[in-house]
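One structure is given below, encoded as structure tokens.
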Amino acid sequence: MIGLATVCSYFSLVFAATKSFPQYIGIASGTSMSIFGLSPFFLSLVASEYFTPPGRTLDVASFFAFMAMLTGVVHVFSTLVFRTTPITQESPDDERRVGEGPSTSAGPSEAVGASEEAEPLLAKPKDSTIVRVVRVQEPQHGSTLDLFKDPYFWILCLWMLLVVGAAEMVVSNLGSIVLTLPSSTSSDTTANVSRQVRLLSFFNTASRLVMGPLADLLAPVASHFEGVWSFTRRRHLSRVVFLFTTSLILALTFTWVEVGIRTQEAIWPLSVGIGIAYGSTFTVLPGILSSIWGLPNLGRNFGIISYTAFVGTTIFSYIYAFIAARHVPPGENACVGTECWRTTFWASTAASLVACCAALVLWKKWRHRV
């Protein structure tokens, strides 16, 4: 029940934020995900400070009662008070005003503004501002069946399966990966594991906070302007470029671990690279889904594509477990040495390169839309 409630709370936070600020969907999704990710750290401090008597363990009953009241009040209050901005859809009046519906492909920039010839000669112009817009194809507000019929949706699912699956495999097994290597100093092994976990968590959160504003700045999403679905802010690149960059970072990270990591202290690039790739993926994804298949369908589409991440995590985790088990010496309980994960990481490198190719296919198709 706690897991179900956590997922519902997480999705409601992310989708409420993205639908309230659709023009800055990267900042909205990245910030909300970061806050949600930092909440366990904050609540653990509360538990240690106020619900752990000196010299004793955590008072579980009192802490759970506090959590029940806190989460209940926050969610009920948010439900009663919070209101999202209605999502604007193009109407027939908008089409008649423009003269024609949005084009099905990206076209040249157009100037949209008040016509000065229609104003009286002696009257003060209402607005002399000219806004440069680029007309693009509208999102496909289709059913779930229409979504499944889109081959590019399955290419995006493949990208998610490979990238998130490989990244979460490392997240789930980071401790055991560190323990397979010898320490180059006299530092405690447990301290080395904790250091890598902190590095991964820090860069996971930092990438969400940085990548969201960066995506909104360099690749703003389209919106309705004067009845036209268009980019109203200058666009420097496509958001799909972030997908390619993420998979490339993952491939370089796995390759570096294969060729340059032989001690526990030297494994920090793995923690940094996985944290950046994992955090960036889920920050950029809502903007792409809403631009291609519509903001009203974001929750449905995000939920569906999350299953591919689950499948990918299961596949890569089993590959890691099977290969590590095969290299356990007779009479020992754990695998030691780079052979425990070398084959797995080479497979992950290949998977990341395939994800790069998938991102290039998506960029070629969507580069004018998102």
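Residue 1 is the first one shown; counting continues down the chain.
Including glycine, each Cβ sits where the backbone N, Cα and C put it.
Features of the protein shown, as given by TrEMBL:
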- 26-48: transmembrane segment (TRANSMEM)
- 60-82: transmembrane segment (TRANSMEM)
- 90-120: region 'Disordered' (REGION)
- 152-171: transmembrane segment (TRANSMEM)
- 240-261: transmembrane segment (TRANSMEM)
- 267-292: transmembrane segment (TRANSMEM)
- 304-325: transmembrane segment (TRANSMEM)
- 345-363: transmembrane segment (TRANSMEM)
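If you look at the transmembrane segment (60-82), the same-chain residues 6 or more away from its ends with a CB under 8 A from one of its CBs are 5, 9, 16, 43, 46-47, 51. By the Cβ criterion (distance under 8 Å, sequence gap of 6 or more), the transmembrane segment (26-48) is counted as touching the transmembrane segment (267-292), at least 3 such pairs being found. Tallying C-beta pairs under 8 angstroms between the transmembrane segment (304-325) and each of 152-171, 240-261, 345-363 places 152-171 first.
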